[in-house]
Amino acid sequence: MKSIHWPLAGVAALLLSMQAQAADGQKIYTQGGANPAAMACATCHGADAMGMAAAGFPRLAGIDAGYSRKQLDDFRSGARSNPIMQPIAAALSDEEMDAVAATLEAMPAPDFAAIGRSEAAEGVGARLALRGAWERNIPECVACHGPAGMGVGASFPPLAGQSAQYLGAQLNAWRQGTRKNDPNDLMGHIARAMSDDEVQAVAEYFANVGQKETGQ
């Protein structure tokens, strides 16, 4: 019996070891996944996962793991279109997605002072962010994304501190239908009701809120 049990135990230990390696979220982030097509996240999002604003790569650090996991799934399925992320997500296993999403949530993220609907709203971007435009069925951004757009759980990601280029690109993707991974097309309806100038203004508002509060 020993001659049977020991080999089986060895195989089991090897499998567990392989799974542990595959589930090393930090390694996936900095070096890439088991599939060579799953390139290291840090290449575009930075070693600290704070993103690269000039290139339009968003901050990932501190974002809820459930949200990040869903985005990876959506890139893989095509519900969220991006020529860089789609092949990377397709090359990641479910286990690798879980691991890297958990790693991202644990990474340090900037803090932002709570800015809500009671604050003064000066300018187009601030008015949309804090008051909305209900006559056009545009709710204020902070109603869902939280004070200062800090993000709320797995459903509403942080807006504060993301680059204006990234935020504007996402709003335009919803307007154009290339991003369609929100429940009941909520963001699609909102984005399509906004003008080009409003998209730019609200994107710059949240980008600047982040810079002001983090001292950048």
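Including glycine, each Cβ sits where the backbone N, Cα and C put it.
For Cys41, Cys44, His45, the entry in Swiss-Prot reads heme c 1 binding site, with the evidence type sequence analysis. Within 10 Å of the C-beta atom of Cys44 (heme c 1 binding site) sit 17 other C-beta atoms, taking all shown protein chains into account.
The domain 'Cytochrome c 1' annotation in Swiss-Prot covers 23-108.
The feature domain 'Cytochrome c 2' is assigned by Swiss-Prot to 118-210.
What Swiss-Prot lists as signal peptide is 1-22.
The DSSP breakdown of the domain 'Cytochrome c 1' (23-108), given as helix, strand and coil counts, is 47 helix, 3 strand, 36 coil. If you count neighbouring Cβ atoms within 10 Å for each of the binding-site residues Cys41, His45, the highest count belongs to Cys41. Residue counts for the domain 'Cytochrome c 2' (118-210) under DSSP (helix as H, G, I; strand as E, B; rest coil) come to 56 helix, 5 strand, 32 coil.
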